[in-house]
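TrEMBL annotations:
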| type | residues | note |
| --- | --- | --- |
| REGION | 1-30 | region 'Disordered' |
| DOMAIN | 313-406 | domain 'Transglutaminase-like' |
| ACT_SITE | CYS321 | active site |
| ACT_SITE | HIS380 | active site |
| ACT_SITE | ASP403 | active site |
| BINDING | ASN443, ASP445, GLU492, GLU497 | Ca(2+) binding site |
Amino acid sequence: MSETTSTSEENKLPLNGRRAIPPNYSNDEENEVPEMEVFGSIPRGFNPRDYLRVVDIYMFKEPQEINRQEHHTDKYYNPKLIVRRGQAFQIQIDFSRPYQPQSDQFWLEFLMGRYPQQNKGTYIPILVGSALKPGQWGAKIIHRENNSIRLSIMSSATCIIGKFRLYVAVLTPYGVLRTRRNSATDTYILFNPWCQLDAVYLDDEKEREEYVLNDVGIVFHGNVEDVKSRSWSYGQFEENVLDACLFLMDKAELELSGRGNPIKICRVASAVINSRDDDGVIAGSWNNSYDYGVAPSAWTGSVDILLEYYSSKQPVRYGQCWVFAGVFNTFLRCLGIPARLITNYSSAHDNNANLRMDFFLDDEGKVDTRLTKDSVWNYHCWNEAWMTRPDLPVGFGGWQVVDGTPQETSDGMYRCGPASVQAIKHGHVCFQFDAPFVYAEVNSDIFYTRMEKNGTQVVENIDTTRIGQLIVTKEVGGDGMVDITEEYKFREGSDEERLALETAVMYGVKKQSIQDTTYQPQTDVDMDFQAQKAVLGNDFKVTITFRNKSRNSYTATTYFSGNIVFYTGVPKREFKKHSFSAKLEPSSSSSFDIVIKSSEYMRDLLEQASFHFFVTARINETGKILAVQKAVMLEIPALRIKTKGELVAGKETSVIVEFTNPLKQTLENVTLRLEGPGMLRTIKKQFGRIPMNSTLTWEVKFTPMRAGLRKLIASLNSDTLRHVYGELNVQIQKP
């Protein structure tokens, strides 16, 4: 397309001394493309209709047609053509008369953005040739009939992704004739994990079906002794979600020319998913008050959040780590980057990445909450995205950690990743981006340090196994859990683990060696702590067990502290204090029970029904301190979902959601949400209250449109009870 100069003022570009054209980071903006581009003066009597003219362009864009089927894009609810890069697709052009290759010349033009330029990949002219080259732009005629031709078009395996505008240009002796702007021929080009030349190529079909095409996932939460799971609707194929995801890149001001690179896309997306410093998608809130917004636990999926942001352009309130990760996963899968949601249990949020979490004890051995600043999250969710890393040495491609939860700034913004999982495992934390932070999240040690009156610190106990002791994701093709801890770290205590740690320290991860501190632990007495499984609203029992392996008798002054905490490990209130003296006979075990009454915790309970127990015991004879901490989650009752009548595509049916209030109090301001990805858009209903022991029943009528196995997901939210979920797998029959 030759540059058209215009003398009119409005067509002039704004003058800017630094760059010839303004930055080009809106996929939505367009430029005017002339329908007739003249080579000089036009002779009198010239009639464009005498030359080959395009009458119609047919895109084969319906879900059942060849393009959508072959490119695995048939599930997108979007009326336009959606294809994946590096793979051929077909279009048909109807001309005003039969096409004559000897005398007629035409070409295709794909354009993106306001200032299309060939060297930036935003203006792509495609001449018709005799053969297609793999992974390079090209077109060839595969069928001619009457006035029509059918073209096979190959896109580049590195082309930018987003929405292109298509024009057909015909050469005449006096100028170029172009088709009119027609939004019906707009073409979305996405990443292609099926194409070997694409940076996101994944070679296992089952994994591609899971990590790109599955629109429902599982979030694992709870804690390491009590793993809980819930479903999350990614909904990457739902109406307008693709446009919302492309808008996020505009919002993050990622230049159009950089949008073929999954590394860049992940980096800017990890910043724009949270609202810190750029008014991104989700505002985080961890303080248990969610005025003027939705409690994080009430969301059942990403679609509502993305569409609300797309229409309002304002951060959506509120999210916590699994919400950021759920929405990020939708974004990645929607654009065609294979992605999965990860949960790291006992995740270290270490403010200075020194691999050391400090818990300070006072003189008596009790935890000093004033001095203790580090926190251990019961769990933390992030994402992994699959891609090559040509910017790193060979061997560090594959899964990359990306995290949209705002924890620490990276290069001045709240974002994290992509960091190579392989690099984290081997301690090569020098490789960009943010590997030291992720390494600390899974590898820190907990130091129990006592402050002496004169200010010296005495390390009383070190726990090297608690942090990052379980890292999981959903299994491929099922709802089960897969333990992927060994992808992040070598076995605790192995030679490889020691080597990886030394490598990380060499590359600048700060680690204080034990030699720097005075540390002589009590080795002949073990202390353990167990909690009985308990249902919310009931009393339960915890047991402290000592094992004296020596031949000496000891007495242990024991402090027990029960705290109601956020799932991030940050305490809200200490609700139970108990101290006792334990007599430890030689070579024997002794257990001590403590009863936790519901009346002690119900008033202040936070939404994830999460407790944190600290037990410290001082052996009086030696002055040494034993310390143990444990997170305990209460069982929260589930919603019951059932269907009524037969489930047939295109036929109305109904679903019933039930919940019985288990608490000894009335639930106020109850909201129910129900969604079924690909079957039922989110429905919300508010109920005033549910008295104790009474049951709420909600019936919803809907018409499933597609046959197949689908999932219904429901959540209940109220002032005193949150994190209540239910789900049901349903098989929709063909009519």
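The backbone N, Cα and C atoms fix where each Cβ goes, and this holds for glycine too.
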Give me the DSSP three-state residue breakdown of the domain 'Transglutaminase-like' (313-406), ordered helix, strand, coil. 15 helix, 41 strand, 38 coil
Cα separation, CYS321 (active site) to GLU497 (Ca(2+) binding site) (Å, whole number): 28
Cα within 10 Å of HIS380 (active site) is the criterion; apply it to the recorded positions CYS321, ASN443, ASP445, GLU492 and give the hits in sequence order. CYS321
For Ca(2+), what surrounds ASN443, ASP445, GLU492, GLU497 with a Cβ no more than 8 Å from their Cβ centroid? THR464, THR465, ILE467, GLY468, LYS489, LEU501
Quick one, of the recorded positions ASP403, ASP445, GLU492, which Cβ has the fewest other Cβ within 10 Å? GLU492
Alpha-carbon distance [CYS321 (active site); ASP403 (active site)] in Å: 9
May I ask which residues of the same chain, at least 6 positions away in sequence, place their Cβ under 8 angstroms from the Cβ of ASN443 (Ca(2+) binding site)? ALA348, LEU355, ILE467, GLY468, LYS489, LEU501, ALA504
